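K.L.:
Below, the features straight out of TrEMBL:
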DOMAIN    A:52-280  domain 'ABC transmembrane type-2'
TRANSMEM  A:55-75  transmembrane segment
TRANSMEM  A:87-106  transmembrane segment
TRANSMEM  A:126-155  transmembrane segment
TRANSMEM  A:167-191  transmembrane segment
TRANSMEM  A:197-216  transmembrane segment
TRANSMEM  A:254-277  transmembrane segment
Amino acid sequence: MNDNNSPNDWLFEITPKNKFFSLNLKEVWQYRDLLLLFVKRDVITVYKQTVLGPLWYLIQPLFTSVTFTIIFNNVAGIDTGTVPPFLFNLAGITVWNYFTACLTGTSDTFKANAAIFGKVYFPRIITPLSVVISNLIKFGIQFLIFVSFYIFYYLTGSNLTLNASLIFFPVLIAFMGILGLGLGMFISSLVTKYRDFTYLVGFGIQLLMYLSAVMYPMELIKKKLPEFGWLVEYNPLAYIIETARYMLLNVGEISILGLSYTLAITIAVFFIGLLIFNKTEKSFIDTV
Amino acid sequence: MKKDIILKAENISKQYRLGQVGTGTLIHDLNRWWHQVRGKENPYLKIGDTNDRSTKGNSDYVWALQDINFEVESGEVLGIIGKNGAGKSTLLKILSKVTAPTTGSIKSRGRIASLLEVGTGFNGEMTGRENVFLNGAILGMTKKEITSKLDEIIEFSGCERYIDTPVKRYSSGMTVRLAFAVAAFLEPEILVIDEVLAVGDAEFQKKAIGKMQDISREGGRTVLFVSHNMAAVKSLCTRGIVLENGTIKFNGDIDQALDVYLSNDNDTEHSIVFDENTKREGSRNLEFVSLEIRNQNNKLSQEFSIGDDLNIKFKLKNNSNESRSEVAIQIKSSDEMPIFHIMARDSNYELKHTYNEEEYNVVLKDLRLFPGFYNITLISANTTGHEIYDNIENALSFQVVDGGKYTIRSLPRSVGLMFLNPEWQKTNS
């Protein structure tokens, strides 16, 4: 215990507002065990009392890919080059799913955790971080499915090659997570006061998917819809998904300019999200 | 010697916006932001009513707390008491960093852990053991700390047999026991507790209060405790703060604080005329009109000494021509403990009504209560006691003070309630 009585010797101070920018990394580190326990909780409780359990992780992307293949490739006739359309779609969906899960999971942080947040203090950022990490595990499982199908197609004679840039794949996924986290934190802060944003996220994500080059190559939209192509071109998510396919399937193009743009947007979104999140966490409980 | 101040609250105020969130909020937000951009003060800080929930205010903003200043010494157990809506919970929320104050600051020399609820973050799907870890981590413990205390926690909770069963299969009492056990083994320098003892069975409550006492005494830890359970406050705390309408009404010794709190409504009155604002229950076939307390010289008084006579004088109005009735007078101590229950029939007296309004006087001779505050409750009923005509809880209070014909030593309320001076004799002649 502290015997020193000098007036300035306070351990901490509770004040009306956070400093303009304060991500207390030391504090987050102190609570690292909580972060891990939240991740564990999310993973083991998500499919409790279901018959198929973790299989649901696999069923969802597989069925989506099959549907996309039928609609977009067989009916609409989108050309995926030498790559089997199913694999093409599965790659896009797997990466896209990670972003969606991060965004929807973090965007109701304050609302969904109001009961805990209203009773006890811990660095609030732990909660969205745990969502991003537990979704990473889910992504890992879904990625294994992709790998199995990749091997299957390879063995059955499809012309498949990996790109050397694949070693940067984890970095790309980290981008995706950070972008989802930043956007999610931003929205979660707005949702505390204005519930309108909950609805926006709900259908916004649906629309965004069509603008993110999930089920078509980026080049195709530029060619077929030149007047709307910019919508996709200004979407950082489209670059991430296009690059992911480039790394995994060696199709499409890699644009250094596009990736730099994506990096800049990701960092900007993350810091703006963090800023607003920090500002909100102090008194959101009064409005939520 | 300088005091070892571990926590210091300076000018804490908290403003809340009333009503719903809608377009109005958006306009206020924009206005506030516009003032901020121009470097001006928040325009809504200047307005706002004091927090009195029963009156209708003029403003959309209300001050739940206003200019709260206090210091807490290391190792002290501070009780925070007040009526519903006095601002206790808001203060606790600010102390535990759940919400920020609107103005002012709190400075602390130690880690603060708060226990505003038992079992925060418990997940029904996870086992007892998993929940111990999760809940412990939420409360700020590291995995290592929890692991080292796991056996103690499980033993204290008494749920050993079920520890690997999902918590959703637990009885509510077991969940609470387990959750409290986790909290009891927290080791922050400052512990903030809200009403959590109001759970579990009597045996467990006793255990919980005992544990709290151990924490503050042996652990030398500072505890801030909010409760409506006056007995618990009294047995745990050394100092008390009484909050009223968001401000500190009293700050000092716990016994005095309890007296201030419990005699809140009528601290200087020795007579009262009941009106439409009186809180009462019953059919009102007969109703109390007024009540006075007088001393042995028939003077209106509120202060008495041990051995004095106390006159309780009340007027009774007959609204439905009842010919007979019964009256009971209950006297409770300031911590709501019933002490006397006096009925007319006990004194072989019958209330027979002839007039529309009648006055009665009950003389309590030779008052033998220890110094402190006492409340009088009046009950009017039919002669069988089955139908309550009128019941006014804590209609008036009176105080017994030191002094008087018997007092030759100090008589703190903590050692006794009734003063007796029986005959003594030696029997081994």
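From the backbone N, Cα and C atoms, a Cβ is placed for every residue, glycine too.
Bear in mind that the values here come from a model prediction, so they are computed numbers and not experimental data.
Surface or core, plus neighbours and distances: that's what I need for these features.
P.N.:
Within its own chain, the transmembrane segment (A:55-75) is flanked in space by residues 47, 85-86, 88-90, 93-94, 97, 138, 141-142, 145, 215-216, which lie at least six positions past its ends and keep a Cβ under 8 Å from the stretch.
Within the same chain, residues 60-62, 64-65, 68-69, 72-73, 80, 127-128, 131-132, 135-136, 138-139, 142-143, 145-146, 149-150, 153, 158, 160, 173, 176-177, 179-181, 183-185, 187-188, 201, 205, 209, 212-215, 237, 240-241, 244-245, 248-249, 251 sit at least 6 positions outside the transmembrane segment (A:87-106) and bring their C-beta atoms closer than 8 Å to a C-beta of that stretch.
Same-chain residues lying 6 or more positions outside the transmembrane segment (A:167-191) and placing a CB less than 8 Å from one of its CB atoms are 95, 98-111, 125, 128-129, 131-132, 135-136, 139, 197-198, 200-201, 236-237, 240, 243-244, 247-248, 262-263, 265-267, 269-274, 276-277, 279-280, 284.
Remote same-chain residues near the transmembrane segment (A:254-277) are listed as 20-21, 23, 124-125, 128, 165, 175, 178-179, 181-186, 188-190, 233, 236, 239-240, 242-243, 246 (criterion: CB distance under 8 Å, separation of at least six residues from the stretch ends).
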